Amino acid sequence: MAYPFQLGLQDATSPIMEELTNFHDHTLMIVFLISSLVLYIISLMLTTKLTHTSTMDAQEVETIWTILPAVILILIALPSLRILYMMDEINNPVLTVKTMGHQWYWSYEYTDYEDLCFDSYMIPTNDLKPGELRLLEVDNRVVLPMELPIRMLISSEDVLHSWAVPSLGLKTDAIPGRLNQATVTSNRPGLFYGQCSEICGSNHSFMPIVLEMVPLKYFENWSASMI
């Protein structure tokens with residue numbers, strides 16, 4: 001999860017988030033190299049006589065500054081398209097969870113089970129226990145099995161919402177009348193926090209998301225106790 005004064009991304013917990021982190025570093029390095037080159041040329045022009053006021057045509061230079069940006073864009077686009085395809089592809093999910101956004105809470109339905117559904121509200125600050133996180137804890141966590149592909153079907157009952165869990169690389173819009181989907185896969189057990197990431201009204205900041213990823217055996221025991 002995030003912590004105060006954090007500069008980088010949250011620790012990756014899913015394969016998708018690991019890919020996104022690597023792509024971020026890849027793109028950031030390209031931006032850094034381009035910025036360094038531009039600043040170097042500007043400094044040379046300001047401190048030396050590196051100017052050609054009489055040059056009217058330079059075919060070689062024009063060719064270079066046309067081809068080079070195209071190559072750079074390809075180096076960015078190819079890994080981006082690969083990750084986009086990975087995020088969209090869902091192969092044989094073991095579980096499907098339907099998520100509905102409301103003003104201002106989330107409701108969840110495990111479609112593979114009968115009568116396994118609940119609402120998830122933020123716990124008010126006055127009701128928090130020692131060690132719990134303000135504005136991030138909920139009364140009913142979403143319990144899911146780890147290391148298995150899970151499909152989330154996401155929509156909304158009223159206005160636009162966005163279901164986001166940064167450490168899993170998830171951010172999917174919840175749109176009334178439309179069903180979006182996302183893949184959830186966690187490499188390790190634990191609690192993973194998120195929030196609504198679309199301004200949806202006065203209590204927008206009070207719509208936390210808590211995923212509890214557990215081994216399959218514990219998930220089966222939990223689901224049996226909930227039915």
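Positions of Cβ are set from backbone N, Cα and C atoms, glycine also.
There are 25 other Cβ atoms within 10 Å of the Cβ belonging to CYS196 (Cu cation A1 binding site). DSSP assigns CYS196 (Cu cation A1 binding site) to a strand. Feature annotation from Swiss-Prot assigns Cu cation A1 binding site to HIS161, CYS196, CYS200, MET207; the stated evidence is similarity to another entry.
The Cu cation A2 binding site annotation in Swiss-Prot covers CYS196, GLU198, CYS200, HIS204 and rests on similarity to another entry.
Of all Cβ atoms in the protein chains displayed, 18 besides its own lie within 10 Å of the Cβ of GLU198 (Cu cation A2 binding site). The annotation Mg(2+) binding site is assigned in Swiss-Prot to GLU198.
In the three-state DSSP scheme, TYR218 (phosphotyrosine) is classed as helix. If you look up Swiss-Prot, you'll see TYR218 marked as phosphotyrosine.
Summarising the annotation, Swiss-Prot assigns topological domain 'Mitochondrial intermembrane' to 1-14 (among others). When DSSP labels each residue, the topological domain 'Mitochondrial intermembrane' (1-14) comes out as 0 helix, 0 strand, 14 coil, counted as helix, strand and coil in that order.
If you look up Swiss-Prot, you'll see 46-59 marked as topological domain 'Mitochondrial matrix'.
Annotation source Swiss-Prot lists topological domain 'Mitochondrial intermembrane' at 88-227 (among others), citing similarity to another entry.
The transmembrane segment feature in Swiss-Prot is assigned to 15-45 (among others). For the transmembrane segment (15-45), same-chain residues at least 6 beyond its ends with a Cβ under 8 Å from one of its own Cβ atoms are 9, 51, 72, 75-76, 79-80, 82-83, 86-87, 166-170, 183, 185, 187.
Summarising the annotation, Swiss-Prot assigns transmembrane segment to 60-87 (among others) and lists similarity to another entry as the type of evidence. Under 8 Å from some Cβ of the transmembrane segment (60-87) lie the Cβ atoms of residues 15-16, 19-20, 23, 26-27, 30, 34, 169, 182-183, all in the same chain and six or more residues away from its ends.
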Is it possible to get the count of other C-beta atoms within 10 angstroms of the C-beta of HIS204 (Cu cation A2 binding site)?
17
Taking only the binding-site residues HIS161, CYS196, CYS200, which one has a CA atom nearest to the CA atom of TYR218 (phosphotyrosine)?
CYS196
Could you list the residues of the same chain, at least six apart in sequence, whose Cβ is under 8 A from the Cβ of HIS161 (Cu cation A1 binding site)?
GLY101, ASP173, ALA174, CYS196, GLU198, CYS200, MET207
Taking a Cβ cut-off under 8 Å, which residues six or more beyond the ends of the topological domain 'Mitochondrial intermembrane' (1-14) line up next to it in the same chain?
20-21, 24, 133, 136, 166-170, 184-188, 190-193, 213
The one of CYS200, MET207 whose CB sees the fewest other CB atoms within 10 Å, among these binding-site residues:
CYS200
Given the model, what does the mean pLDDT over the topological domain 'Mitochondrial matrix' (46-59) come out as?
73
